[in-house]
Amino acid sequence: MVSSNQTSPVMGFILLGLSAHPKLEKTFFVLILLMYLVILLGNGVLILVTILDSCLHTPMYFFLGNLSFLDICYTTSSVPLILDSFLTPQKTISFSACAVQMFLSYAMEATECLLLSMMAFDHYVAICNPLRYPVVMSKAAYVPMAASSWVAGSTTATVQTSLAMRLPFCGDNIINHFTCEILAVLKLACADISVNVISVGVTNVIFLGVPVLFISFSYVFILATILRIPSAEGRKLVVVFYGTILFMHGKPRSKDPLGADKQDLADKLISLFYGVVTPMLNPIIYSLRNKDVKAAVRNLVFQKRFPQ
């Protein structure tokens with residue numbers, strides 16, 4: 001009995017990715033690379049114009065700038081690893097690097113959930129209480145709101161990552177995923193993961209359930225005020241973001257010997273969709289189609305070409 005508990009520590013993991021579907025790897029490599037470049041360009045431009053153009057120094061664009069920076073950080077923490085996995089038959093990642101990647105992904109996910117709810121509150125105040133908007137959404141208010149989102153996201157990521165990486169891993173060290181996604185890593189634990197299941201469940205309620213309800217109620221009040229939502233596309237993007245993340249993290253699953261390959265592939269592709277498509281759409285839907293942002297981009301380009 002004693003010897004069975006003496007398991008040698010896992011020094012690294014093997015990321016399975018799409019190795020079981022080699023025909024898809026080259027196609028997805030090109031597709032994900034192009035999407036990643038669009039993410040860097042679109043979000044980078046948005047961050048630049050919100051900093052340089054004083055007309056965009058408002059709470060809404062401050063939150064959008066944070067969202068763009070978050071999307072760049074999130075995709076950079078995972079996409080290069082995913083692209084590399086498409087080029088190599090087996091991708092090995094060290095235990096510490098896996099923990100860092102897990103922390104960054106989880107922190108960005110949790111932070112984005114909170115940022116979206118902050119943006120919904122900003123829309124609510126601007127439309128339903130416009131006279132009080134300068135007071136309620138002053139710089140002394142919206143800066144701590146954004147900062148608290150980052151702190152809360154980082155804190156919960158630290159807790160979840162610590163709980164996951166403290167588990168004993170013995171035998172199988174193959175992660176059936178593109179990255180060190182927490183649910184995929186938990187499947188490899190050779191110990192009781194009930195604490196992790198409860199912890200992830202509570203986190204889901206706080207960082208997914210509560211923001212979804214908050215956003216929904218905010219838009220209900222907005223609808224009651226002006227009978228239409230200012231950005232239907234923005235609402236759709238919120239549905240895309242929360243829909244995919246709820247699917248992936250709604251219920252942590254332990255080892256499932258009955259899991260089919262098709263279901264595993266579907267889970268991977270949905271996770272990939274969430275992690276790449278949503279950050280790519282954020283600047284396009286929220287800002288780059290906005291006339292103020294378009295004007296700021298034109299002014300920035302004009303100043304670069306024709307400096308005074």
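Using N, Cα and C of the backbone, Cβ positions are placed for all residues, glycine too.
Curation does not apply to TrEMBL; its annotations are automatic.
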Checklist entry - Do you know which of 137-155, 156-174, 232-250, 270-288 TrEMBL annotates as transmembrane segment? => result 270-288
Next on the checklist: For the annotation transmembrane segment in TrEMBL, which listed range does it cover: 61-83, 176-198?
Outcome noted: 61-83
Checklist outcome for this item: For the domain 'G-protein coupled receptors family 1 profile' (42-308), the averaged pLDDT of the predicted model is 80
